[in-house]
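K.L.:
Here's a structure for you.
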């Protein structure tokens with residue numbers, strides 16, 4: 001039996017890692033080993049699959065708890081399989097939900113319907129720019145997944161649909177009941193692994209699975225206003241289930257790259273603009289870029305200080321599922337001149353001599369040093 005790697009080791013985190021630490025490490029590793037960044041590298045592709053499998057378990061609190069207690073045995077048999085756990089729909093497939101349902105089902109008005117089985121979900125990653133997050137963008141995402149076998153049309157049998165029969169053990173239910181102490185619990189059928197069907201004369205291409213591994217490209221529409229770390233779900237774009245089972249879902253984790261000019265905070269966007277000392281003192285009009293590619297002019301009043309903000313309404317990001325928009329803020333930094341010429345130094349020295357202790361010209365400076373003087377005088 002092949003050695004199964006520890007999921008925490010795969011994600012390079014400790015067993016006490018928080019959800020945020022898991023997500024951060026997952027995104028970093030997914031970007032590093034993504035097939036698009038490592039074309040033709042089978043080792044990177046295998047590593048990428050391991051990373052997604054590990055994160056799929058550890059990001060779910062219930063699955064993580066089961067893994068911490070039972071290790072890989074908690075998910076043996078295809079998850080859910082014989083002896084494994086299925087956490088969908090609230091402890092389905094032999095969990096606490098079935099125990100309490102057996103005890104109280106009749107009093108509660110009968111049993112609930114079983115959750116429909118589907119193929120496995122897929123986790124992948126896409127990186128976009130801040131401009132693309134602002135405007136929205138279509139991206140082609142490459143995924144390596146299992147698709148319906150063309151040779152048997154997904155039935156798993158060389159005989160097609162006629163070669164698939166109702167499971168004789170569970171009679172098509174996909175589950176069997178077993179006595180555990182005082183309780184009767186349901187588990188996935190060990191004969192058909194929960195499919196409710198068995199294959200006669202297995203397909204020689206897919207060996208009765210009904211699915212084969214294949215790389216395909218999926219187009220995803222990333223909406224305007226999407227934030228870094230957003231997860232987009234594409235229903236039915238996951239792995240095919242085989243034997244007529246519906247496909248799972250595709251989850252795309254969006255990463256927004258840092259920008260050289262703009263910083264985002266929610267729906268608002270910030271742009272830091274340096275001003276020369278004379279511009280800040282005398283006042284000026286500057287032209288600044290906007291995230292949509294346009295430019296706009298901003299009037300800077302005389303006497304502007306470092307840290308001053310100027311607000312441009314409606315120039316920020318759109319808010320998802322809303323008509324609202326954020327604002328853009330220009331943050332001013334007054335730059336002290338360096339490498340002065342002799343003439344510039346003389347002018348500044350003359351300016352300093354002229355300004356002196358004029359409170360009106362330098363209220364913060366004058367007030368601060370007055371407080372310092374009072375502080376030391378109080379010590380004497």
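Along the chain as shown, the residues are counted starting at 1.
Any Cβ shown, glycine's included, is placed from N, Cα and C.
Straight from Swiss-Prot, here's the annotation block:
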type	residues	note
DOMAIN	6-71	domain 'J'
ZN_FING	136-215	zinc finger
REPEAT	149-156	repeat 'CXXCXGXG motif'
BINDING	149, 152, 203, 206	Zn(2+) 1 binding site
REPEAT	167-174	repeat 'CXXCXGXG motif'
BINDING	167, 170, 189, 192	Zn(2+) 2 binding site
REPEAT	189-196	repeat 'CXXCXGXG motif'
REPEAT	203-210	repeat 'CXXCXGXG motif'
K.L.:
Compute the centroid of the Cβ atoms of 167, 170, 189, 192, then list the same-chain residues not in that set whose Cβ lies within 8 Å of it, in sequence order, for the Zn(2+) 2 site.
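P.N.:
Going along the sequence, the neighbours come out as 168, 169, 171, 172, 173, 174, 175, 176, 190, 191, 193, 194, 195, 196, 197, 198.
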K.L.:
Where, among 167-174, 189-196, 203-210, do we find the most CB pairs under 8 A to the repeat 'CXXCXGXG motif' (149-156)?
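P.N.:
By Cβ pairs under 8 Å, 203-210 leads among 167-174, 189-196, 203-210.
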K.L.:
For each of 149, 152, 170, 203, count the other CB atoms within 10 A of its CB; which of these binding-site residues has the top count?
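P.N.:
Of 149, 152, 170, 203, the one with the most crowded Cβ is 152.
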K.L.:
Would you please pick out, from the binding-site residues 167, 189, 192, 206, the one with the fewest other Cβ atoms within 10 Å of its Cβ?
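P.N.:
It is 167 that, of the binding-site residues 167, 189, 192, 206, has the fewest other Cβ atoms within 10 Å.
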K.L.:
Just to be sure I understand, if DSSP states are collapsed into helix, strand and coil, how many residues of the repeat 'CXXCXGXG motif' (149-156) fall in each?
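P.N.:
Split by secondary structure, the repeat 'CXXCXGXG motif' (149-156) comes out as 0 helix, 0 strand, 8 coil.
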